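Here's the structure we're looking at; comments come further down.
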């Protein structure tokens, strides 16, 4: 079957909006559809081909109003999908949610009267609420407690391994086991000051992306169909981590059948915490922990201090989604049906920036897109978390836990960047059953890994913000490493840094520094 026929068939399948019944359909051996997206860095210049995880369609028009009737949704008619641009993104790694901030902490930006002219998305509350969406999942949707996932059967060659890195604090910790202490790694000196960003925010048009995200809802950014893996809390930890690898996902919502609700997320961070806590323990062997159930893990290590799952409604704005992701230091934001409580979709930094990148070409271009990274000072340049290539893997785990970051630039003795070690590299220790060899140095681990990971994509201080955004979206990565001409590390520009600058800073909100 041709790709176009598969995509058409996908839109006709009932129940795809809820995300419970469908997995992403893609012909064997073929990647995501390419899409022509105008470059932010060269207005009116030639278009470049992108390997996009979002299906944009033939025309680049504004996302239509998010209006669908109950009848249309129940019959699986996806013709009125808000923007018709979306294909399920490759699933990314995410840290577990932190404490929910609650409605009182949601940011409210003042209108300046300089809003860009674009159509508003009708809130679902005024159109068709999602009450008709399927109720919480059935047995076939959830991996039951007796489900087994074999590492030898795990096929991970297709995984998208981009992981967001923010050197300030990239991930919250649901389990609450992280203690702040100095990381045993070198840290470059400050090389770039923050110079012109505050001035740019005072110029007309600086709030165009902020207003755009305020006027569109999470429903607009939801995939037509998506792959969603859900774990029952009675599943054994070992089987759960193997299932993450086997299904090519980095996080899964946790369903508590006793409470009949979602109670959290299981992520690669949890696997790192298990290794970090018990690798050197003289009392407990790691294989004993493998037999624990997820429920037991949560009860023992949360010690009754359960934090609410950070989530968002499809009626909420994309502005609120950006704020929730950055404020709570999480990588995945579940979109929950406000009536049934079912998980409809999971939003990520990468998906939100892709949405903004596609339709941002139809908006007036702010002048700050033409300014250089060095002038604007967007990114992290102080106290960077890095790891020496000669350091053992256990040292990298220490840094992941202590600094709460999701990827580490790997440097040699002279400070040159030679690689990137991410949290997702750690989960493959489970897939290869080599997590008892954490004394191997990071450089050797990078040479032995079987997958072609995201790699080290870099930028230089003289490049403009528009060029940096184009490269991140085109390469589908979560950060660019800022280097000089000799490949010495200067800083890191992450998705959080960019979304903070484009969406939150114009509203006077600093979620990264909060």
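Cβ coordinates come from backbone N, Cα and C, glycine included.
Remember, it's a predicted structure, so these values are computed and weren't measured experimentally.
The secondary structure of residue 478 (ADP 2 binding site), as reduced to three states from DSSP, is coil rather than helix or strand. Swiss-Prot lists 250, 332, 350, 422, 423, 424, 425, 449, 457, 478, 479 with the feature ATP 2 binding site.
Per Swiss-Prot, the feature ADP 2 binding site maps to 250, 350, 422, 423, 424, 425, 449, 457, 478, 479. All protein chains included, residue 423 (ATP 2 binding site) registers 28 other Cβ atoms within 10 Å of its own Cβ.
According to Swiss-Prot, the feature AMP 2 binding site maps to 250, 350, 422, 423, 424, 425, 449, 457, 478, 479. Long-range Cβ neighbours of residue 449 (ADP 2 binding site) (same chain, at least 6 residues apart, Cβ-Cβ under 8 Å): 425, 428. DSSP assigns residue 449 (ADP 2 binding site) to coil, not to a helix or a strand.
Residue density at residue 267 (AMP 1 binding site): 28 other Cβ atoms are found within 10 A of its Cβ, drawing on all protein chains shown. Summarising the annotation, Swiss-Prot assigns ATP 1 binding site to 250, 265, 266, 267, 268, 269, 270, 310, 331, 332.
Here the Cβ of residue 331 (ATP 1 binding site) has 34 other Cβ atoms within 10 Å, regardless of which shown protein chain they belong to. The AMP 1 binding site annotation in Swiss-Prot covers 265, 266, 267, 268, 269, 270, 310, 331, 332 and rests on similarity to another entry.
All chains included, 25 other C-beta atoms sit within 10 angstroms of the C-beta of residue 265 (AMP 1 binding site). Sequence annotations record features per position, and here Swiss-Prot assigns ADP 1 binding site to 265, 266, 267, 268, 269, 270, 310, 331, 332.
Here Swiss-Prot flags 331, 380, 385, 406, 407, 478, 494, 495, 496, 497 as AMP 3 binding site. Mapped onto three states, the DSSP output places residue 407 (AMP 3 binding site) in strand.
If you look up Swiss-Prot, you'll see 59-71 marked as compositional bias 'Polar residues'.
Residues or ranges marked as domain 'CBS 1' by Swiss-Prot on the basis of sequence analysis: 222-283.
Here Swiss-Prot flags 305-363 as domain 'CBS 2'.
As a whole-number mean, the pLDDT of the domain 'CBS 3' (380-440) in this prediction is 86. Feature annotation from Swiss-Prot assigns domain 'CBS 3' to 380-440; the stated evidence is sequence analysis.
Positions annotated as domain 'CBS 4' by Swiss-Prot: 452-511.
Residues or ranges marked as region 'Disordered' in Swiss-Prot: 1-121 (among others).
Residues annotated as region 'Disordered' in Swiss-Prot: 134-155 (among others).
If you look up Swiss-Prot, you'll see 318-339 marked as motif 'AMPK pseudosubstrate'.
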Drop a 10 Å sphere on every Cβ of the binding-site residues 268, 310, 385 and tell me which sphere holds the fewest other Cβ atoms.
310
Would you count the other C-beta atoms found within 10 angstroms of the C-beta of residue 250 (ATP 2 binding site) for me?
26
Just counting, how many other CB atoms are there within 10 A of the CB of residue 494 (AMP 3 binding site)?
28
Those binding-site residues listed as 270, 425, and which of them has the most Cβ atoms within 10 Å of its own Cβ:
270
Residue among binding-site residues 385, 407, 424, 496 with Cα closest to the Cα of residue 265 (AMP 1 binding site):
424
Where does residue 310 (AMP 1 binding site) sit in DSSP terms: helix, strand, or coil?
coil
Return only the integer: C-alpha distance in Å from residue 423 (ATP 2 binding site) to residue 478 (ADP 2 binding site).
13
